[in-house]
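**Student:** Could you have a look at this structure, given as structure tokens, before my questions?
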Amino acid sequence: TSIYTCYEGVGLPVDPLQGCHYYVTSQTCGFVPLLPIEVMKDRCCRELAAISSNCRCEGLRVFIDRAFPPSQSQGGGPPQPPLAPRCPTEVKRDFARTLALPGQCNLPTIHGGPYCVFP
């Protein structure tokens with residue numbers, strides 16, 4: 001499978017990794033989550049595990065760009081959760097890039113190990 005077969009509806013679910021949004025935000029923005037952190041992490045990791053290893057990095061990229069667009073730090077993008085109105089977007093983007101790593105979901109990717117290479 002190449003990256004060209006990893007897009008929403010083909011290789012990726014539509015609107016991938018939505019279960020990761022509040023997990024990422026809770027881990028980066030310093031507020032107490034509504035659910036136990038282990039529950040949110042497990043849900044996020046299950047959603048990431050459901051994506052084939054060849055498409056996991058692309059799934060993370062799509063999720064990050066949609067959930068935490070770079071323009072959000074300049075006031076654009078979708079509204080943030082009310083509990084984290086001043087949380088920097090780049091902090092959330094950086095944390096979300098680590099979701100495949102051993103300290104998080106520890107899932108293999110197209111690169112052969114539990115990591116992604118992002119531009």
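Each residue, glycine too, has its Cβ placed from N, Cα and C.
Here Swiss-Prot flags Cys6-Cys55, Cys20-Cys44, Cys29-Cys87, Cys45-Cys105, Cys57-Cys116 as disulfide bond, drawing on similarity to another entry.
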**Student:** With an 8 Å cut-off on Cβ-Cβ distance and a minimum sequence separation of at least 6, pull the same-chain contacts of Cys57 (disulfide bond), or say none.
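**Tutor:** Listed in sequence order, they are Ala100, Thr109, Ile110, His111, Cys116, Val117, Phe118.
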**Student:** What Cα-Cα separation, expressed in whole Å, is found between Cys6 (disulfide bond) and Cys44 (disulfide bond)?
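**Tutor:** It is 19 Å, counting Cα to Cα.
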**Student:** Around the Cβ of Cys29 (disulfide bond), how many other Cβ atoms lie within 10 Å? Please give the count over every shown protein chain.
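**Tutor:** 20, counting other Cβ atoms within 10 Å of Cys29 (disulfide bond).
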**Student:** If one measures from the C-alpha of Cys45 (disulfide bond) to the C-alpha of Cys87 (disulfide bond), what distance in angstrom results, rounded to a whole number?
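**Tutor:** Between the alpha carbons of Cys45 (disulfide bond) and Cys87 (disulfide bond) there are 23 Å.
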**Student:** List the Cα distance (Å, whole number) between Cys20 (disulfide bond) and Cys87 (disulfide bond).
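**Tutor:** That comes out at 16 Å between the alpha carbons.
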**Student:** Using Cα coordinates, what distance in whole Å links Cys105 (disulfide bond) and Cys44 (disulfide bond)?
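**Tutor:** That separation, Cα to Cα, works out to 8 Å.
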